[in-house]
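Q: Got a structure for you, written out below as structure tokens; questions coming shortly.
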Amino acid sequence: MARAWVCLAGAAFFLSCLVLHSRFCGSLVSRTFSFHVSWRMEDPLFRLDLGWPKNSEYFTGATFCVAVDSLNGLVYVAQRGDNIPKVLVFSEDGYFLRAWNYTVDTPHGMFVSGTPFEQSVWITDVGSGPYGHTVKKYNSLGDLVQVLGTPGKKGTGLNPLQFDNPAELYVDDTGEMYIVDGDGGLNNRLVKLSQDFMILWLRGENGTGPAKFNIPHSVTLDAVGRVWVADRGNKRLQVFDKDTGEWLGAWDNCFTEEGPSAVRFTPDGKYLIVAQLNLSRLSVLLAPPSGSIGDCSVVSTIQLADQVLPHLLEVDRKTGAVYVAEIGAKQIQKYIPWHSRTPAFGA
């Protein structure tokens, strides 16, 4: 009997070491796993890469967003603060490469698009200074290439196109762009632009009904031509047809406590990864097949420490790694698929 109790205690200690990890101000970051009735633990989907980044001292401000250049193995981070680099560039294995701080006022969201030979780094800027209320395109070295919106001036206009606190964007493989505008500003809308930045369709206004928004905060696409928007203030995900902008439905049953602040799909299209800012929680949702979106179903969650505040996230489309921008903890954390060959505890 004594030997049985010793084995049981040892197993409990080992399990606690797996589930808990201290990373933020000495607080515990816990993983929420699913259990069978028989108390056998299911395989978790993601694990924290404790070795990323190698150079965390470069996080000197509030890390609002992160973007991944999957083709070239680069990770871009945008942070806010005075007299600090606004954009940091890391390798996918966590080494700091360079920083730039040109014509960036107050970054909110970012996205990387392009080819192996030419990469574009898009940043939404919500600042009130001369660079704010814009969506800007940079090359990988930080040179400004394109500006959408009226720099330093918020507005609702469509010709020319104006923004007020544009929250985030997504660029598909054809170069067409989806922008959610804005984060508490004049506009509550989803805008689709062509490759040459002409408006193809626009949906939304302030409200709670179908195709209306209250802080559209994040946007992404699935593999079957649907646009997913994190309608944060209305505590739901709204879904639209990629080509026509037709409203296809909404998920709200997963967000009774707080709305989603970020949404992305895993590369295989099986799951959505969603962040809830003030709950400091990441949720993995089961993605619907083509056709009706059905109801929201939570597969697993990762509960972070209080005040970590995951704001936006990105998924590496090649490796499946999830990078989370945490404005409270002022860091980026990387989660890798559980069965990845990358060591969980770094090198």
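Each Cβ is built from the backbone N, Cα and C atoms, and glycine gets one as well.
Residues or ranges marked as signal peptide by Swiss-Prot on the basis of sequence analysis: 1-22. Here Swiss-Prot flags 47-93 as repeat 'NHL 1'. Annotation source Swiss-Prot lists N-linked glycosylation site at ASN101, ASN206, ASN278. Positions annotated as repeat 'NHL 2' by Swiss-Prot: 150-196. The annotation repeat 'NHL 3' is assigned in Swiss-Prot to 200-243. Under the heading repeat 'NHL 4', Swiss-Prot lists 294-338.
On this model, are these features tucked inside or out on the surface, and what's nearby?
A: Helix, strand and coil content of the repeat 'NHL 1' (47-93), in residues and according to DSSP, is 3 helix, 22 strand, 22 coil.
In the three-state DSSP scheme, ASN101 (N-linked glycosylation site) is classed as coil.
Per-residue confidence over the repeat 'NHL 2' (150-196) averages 96 (mean pLDDT, predicted model).
Long-range contacts of the repeat 'NHL 3' (200-243) within the same chain: residues 109, 158, 167-170, 172, 176, 178-184, 187-194, 249-252, 255-256, 258-265, 269, 272, 274, 277, 287, 289-290, 293, 296, 312, each at least 6 residues beyond the stretch ends and with a Cβ under 8 Å from a Cβ of the stretch.
The C-beta environment of ASN206 (N-linked glycosylation site), restricted to residues of the same chain at least 6 apart in sequence and closer than 8 Å, consists of ASN188, LYS212, PHE213, ASN214.
Residue environment of ASN278 (N-linked glycosylation site) contains 14 other Cβ atoms, counted within 10 Å of its Cβ in all protein chains. Secondary structure from DSSP puts ASN278 (N-linked glycosylation site) in coil.
Residue counts for the repeat 'NHL 4' (294-338) by DSSP state, with H, G and I taken as helix and E and B as strand, are 0 helix, 24 strand, 21 coil.
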Q: Residue counts in helix (H, G, I), strand (E, B) and coil for the repeat 'NHL 2' (150-196), per DSSP?
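A: Per DSSP, the residues of the repeat 'NHL 2' (150-196) fall into 0 helix, 18 strand, 29 coil.
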Q: Under an 8 Å Cβ to Cβ limit, what residues of the same chain, 6 or more beyond the ends of the repeat 'NHL 4' (294-338), are close to it?
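A: Counting only partners 6 or more residues beyond its ends, the repeat 'NHL 4' (294-338) has Cβ contacts under 8 Å with 23-25, 27-34, 43-49, 52-53, 56, 59-68, 70-71, 75, 77, 79, 92, 94, 109, 111, 168, 218, 237, 251-255, 261-262, 264-268, 271, 273, 275-278, 280-286, 288, 344.
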Q: When secondary structure is assigned with DSSP, how many helix, strand and coil residues does the repeat 'NHL 3' (200-243) contain?
A: 3 helix, 24 strand, 17 coil
Q: Express the distance between the Cα positions of ASN278 (N-linked glycosylation site) and ASN101 (N-linked glycosylation site) as a whole number of Å.
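A: A Cα-Cα distance of 29 Å.
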